[in-house]
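Below you'll find the structure, written out as structure tokens, and then a few comments.
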Amino acid sequence: MANDFLFTSESVSEGHPDKVADQISDAILDAIFAQDPRSRVAAETLTNTGLVVLAGEITTNAHVDYIQVARDTIKRIGYDNTEYGIDYKGCAVLVAYDKQSNDIAQGVDQASDDHLNTGAGDQGLMFGYACDETPELMPAPIYYAHRLVERQAQLRKDGRLPFLRPDAKSQVTMRYVDGKPHSIDTVVLSTQHSPDQSETAKKMKASFTEAIIEEIIKPVLPKEWLKDTKYLINPTGRFVIGGPQGDCGLTGRKIIVDTYGGACPHGGGAFSGKDPTKVDRSAAYAARYVAKNIVAAGLARQCQIQVAYAIGVARPMNITVYTEGTGVIPDDQLARLVAEHFDLRPKGIIQMLDLLRPIYEKTAAYGHFGREEPEFSWEKTDKANALRAAAGR
């Protein structure tokens, strides 16, 4: 990639229909794990106007009121009025869960290459990434895109901007100079709102636009990056119909929002609703943990990790490190350090990151990475000193 360029990432709010589905799936996972952390869960959710469908595979000894969990999640998000297209009190909730296939379970319970270990729940490839663009070691465009929609929800819920409704999207286009963030070229923020905020179908009131820029955008973005920045606020105009009424929502359809905003490749597997024997989730968390510790150790300015697994096999097929020329030692040496310092077998990941806990609903909106939440063990940098010492730095 050239040293001077524009790069864009987007995020969506907790009220976006796909994120409603993700949060319901992870709320159900948490409710199950609170009773039986050894459960196998693959909880999928569909949301539409006045309707929630829960489907997937669950094997558990827990007794969970799935319908109530779905309603409670919708209420927390803010869909509490029939005018919004879905209302937690009156929406229909259909439940269609089955048990995990015995054919899958036998390979997960006992790995073919290590009978004392857990096999991967499926084949696949996962990526982790970290860079020094923000203190959280995340790419700046996705980090700030998340913070914009997070603030939209905050001001909606605390009543400071009472005309806001739950659905919203953000997009940040960053200008890079010499490969580093220099300024923000464009900010797009589209938010659902009450009907009185538009002058016409295609034009918002000036007071609405001003409130979004002054109360949501400017308090979040670094002032020094706002140099001739363009602001596009509800650029299509009126946005009253939104959420599951505006679009059908599905679990696992915002995988780039969930990760790095396109700054690195994605293996294709979604996270929400999956217990950590599913390496789509747990190995992606572990790869972030590895990459973040390498950057925190000062061994690279940016670091991409790829791991891959075969179903029923514990050990990863590969551990590949790519630092795009920013590493202080060769990438193959970093890969050997990773293999020495991190147990990337599924059971090792679960133990290393303490993943058999009801911690997942919080991950399902505003990004799984780059948030200093106490439950997010994959954001720790506790291996940085050991990696630095092992690298002789």
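Going from the start of the chain as shown, residues are counted 1 onward.
A Cβ is built for glycine as well, from the same backbone N, Cα and C atoms used for every other residue.
Note that the coordinates shown come from a computational prediction; the quantities given were computed from them, not determined experimentally.
Listed in sequence order, P17, D18 are the same-chain residues at least 6 apart in sequence whose CB falls under 8 Å from the CB of D247 (ATP binding site). For H16, D167, A168, K169, R238, F239, D247, R253, K254, A270, K274, the entry in Swiss-Prot reads ATP binding site, with the evidence type sequence analysis.
The Mg(2+) binding site annotation in Swiss-Prot covers D18 and rests on sequence analysis.
Annotation for E44 (K(+) binding site): same-chain Cβ neighbours under 8 Å, separated by at least 6 residues, are A21, S25, L54, A55, G56, L250, T251, G252, G273. What Swiss-Prot lists as K(+) binding site is E44, and the listing cites sequence analysis.
For the recorded site, D247 (ATP binding site), the DSSP three-state label reads coil. The feature L-methionine binding site is assigned by Swiss-Prot to E57, Q100, D247, K278.
Taken together, the residues of the region 'Flexible loop' (100-110) have an average pLDDT of 68. According to Swiss-Prot, the feature region 'Flexible loop' maps to 100-110.
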Going by a 10 angstroms cut-off between Cβ atoms, which of the binding-site residues D18, E57 has the sparsest surroundings? E57
Taking 10 A as the limit, how many CB atoms besides its own sit near the CB of K278 (L-methionine binding site)? 23
Of the binding-site residues listed here (H16, A168, R238, K254, K274), which is spatially closest to Q100 (L-methionine binding site) when Cα positions are compared? K274
Give me the long-range Cβ neighbours of A168 (ATP binding site): same chain, 6+ apart, Cβ under 8 Å, in sequence order. V12, S13, G15, H16, V149, Q152, A153, L189, S190, T191, Q192
Express the distance between the Cα positions of E57 (L-methionine binding site) and K274 (ATP binding site) as a whole number of Å. 10
Other CB atoms, at most 10 A from the CB of Q100 (L-methionine binding site): 20
